[in-house]
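Record features, source TrEMBL:
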- ASP17, ASP321, HIS325, ASP362, HIS363, HIS442: Zn(2+) binding site (BINDING)
- ASP17, HIS137, THR139, GLU316: Mg(2+) binding site (BINDING)
- SER74: active site, phosphoserine intermediate (ACT_SITE)
Amino acid sequence: MRQNLLRAHNVVLFVGDGMGPNTITASRIYKAQLRTTGRNNPQEAPESSFLRFEKFPHVALLKTYNVDKQVPDSAGTATALFCGVKTNFKTVGVDANVKLGDCESSLDPAFHVHSILKWAQDAGKRTGFVTNTRVTHATPAALYAHCAHRSWECESKMPKGAENCKDIARQLIEDEPGISINVKISTRHEETPQVTHVFQVIMGGGRQCLTSNITSTAYDPIDTWACQRKDGRDLINEWEMRRKSQADSYRVVSTSKGLAEIDFTRTDYLLGVFANGFLKYDHEIDPEVTPTLAQMSAAAIEILQKGENGFVLVIEGGLIDQAHHRGTARRALDETVALDKAVEESLKKLHLPDTLVIVTADHTHSLSINGYPDRGSDILGIAQRSKADGLNFTTLTYASGTDIKYFPFNETHVTRTDPSKEDLTDFKYQHQATFLHDEANHGGGEVTVYAIGE
């Protein structure tokens, strides 16, 4: 390992939402099993492989608890990760003085905490973020919003008594660090450079939180879990009008085709909103419509690296978490591989001697790797037979889960379905869990941090 004592000119931070150590281990094996032919040779077995970011030379652990919860949510952990201040469960960009749902206290600037993107803007750097969730979702929201509840993504989710608070989507479009305000700052030198407080790049989903009267399609349905804007405003158009009024070179795109057609040499600002809710899982993507996380990451770097003062970019692989919540382990592993692909493709575009690249997660999940499967066994397959009920169980299980069909009641006791009779390779297969719940819950363990900047 070569020592590098230089200050980072650029920073790229990848966040795998819900990508705990067990997810990384299982995804490493899964990725290798997609390509390996030497499963019978221990030296070539998937367990010996690496994800690209696992080869980074610096590794650490992060504690993930919220101020008021042993097991955290993504809003609180994202605030801690991006702003350096732990806070309460489901609150965004505020300190622990703001309790969940308390609109009035969240308006106090003394309780606001600012993110790494705001600090980067103060230093004259370009900034942006990419996610395959909604651009207003909990993790990206912590980069710019100050909100007493992560669910207040648009006005239709705002409760009575919160009229004085802005929804998260409006904060992205109307307030710093999302809007364009040019200010002068003092430096050690005599010049006073212009600092632009605006995201040059915003990419993800969440059209229904930004725009009223959207259209639902079979490929891109309205996300019934999230809010839907109903105040008649079109915040995407408002962002575009602001760029136009300042004579900025910008693009607004809604498909992967539109993203591919951008002339990056003539584009300084990019807003890409590719879905009503979340983007499609990587294995479901129509390449003509939805860009991959790797494609969005590469486009963001193309725009941001043009600045002389450097840039800070945050990239979230948010669908790892969504897949885990549904208990669909294969999807979660596949999304982790997609994040790893984004890391790999981004590294090809970055100048590492002056760029710090970090890969981490915001929290773990309750995914377990158990039993005693042989080396080279399918990570999605059967581990062994239970000595209690005599039925097979899978290597991957969850502590909590949603699908009751695997535990039918036969009038005298609850039985367990034999998973060997199911298609365990189906992306929609929901793995068995210890207890039934509305969804698979987060885990409370530490997450790993990987860094390189050689």
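Just so you know, the numbers here start at 1 and follow the chain as drawn.
Cβ atoms here come from the backbone N, Cα and C positions, even for glycine.
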Listed in sequence order, residues not in ASP17, HIS137, THR139, GLU316 with Cβ within 8 Å of the centre of the Mg(2+) site Cβ atoms: VAL15, SER74, ALA78, THR131, THR133, ALA138, PRO140, GLY317, GLY318, ASP321, ASP362
Within 10 angstroms of THR139 (Mg(2+) binding site), Cα basis - binding-site residues out of ASP321, HIS325, HIS363, HIS442: none
Cα distance (Å, whole number) from HIS137 (Mg(2+) binding site) to ASP17 (Zn(2+) binding site): 11
Among SER74, HIS137, GLU316, which are recorded as recorded positions, the nearest neighbour of HIS442 (Zn(2+) binding site) by Cα: SER74
Candidates HIS325, ASP362, HIS363 (binding-site residues) with Cα within 10 Å of HIS137 (Mg(2+) binding site): none
SER74 (active site, phosphoserine intermediate) and ASP362 (Zn(2+) binding site), distance between Cα atoms, whole Å: 6
Three-state secondary structure, HIS363 (Zn(2+) binding site) (per DSSP): coil
Integer Cα-Cα distance in angstrom, SER74 (active site, phosphoserine intermediate) to HIS325 (Zn(2+) binding site): 13
Number of Cβ atoms other than its own within 10 Å, given for HIS442 (Zn(2+) binding site): 24
HIS363 (Zn(2+) binding site) and GLU316 (Mg(2+) binding site), Cα-Cα, nearest whole angstrom: 13
Other C-beta atoms that fall within 10 angstroms of the C-beta of HIS325 (Zn(2+) binding site): 20
Secondary structure at HIS325 (Zn(2+) binding site), reduced by DSSP to three states: helix
Surrounding CB atoms that lie within 10 Å of the CB of GLU316 (Mg(2+) binding site), all protein chains: 30
HIS137 (Mg(2+) binding site), number of other Cβ atoms within 10 Å: 29
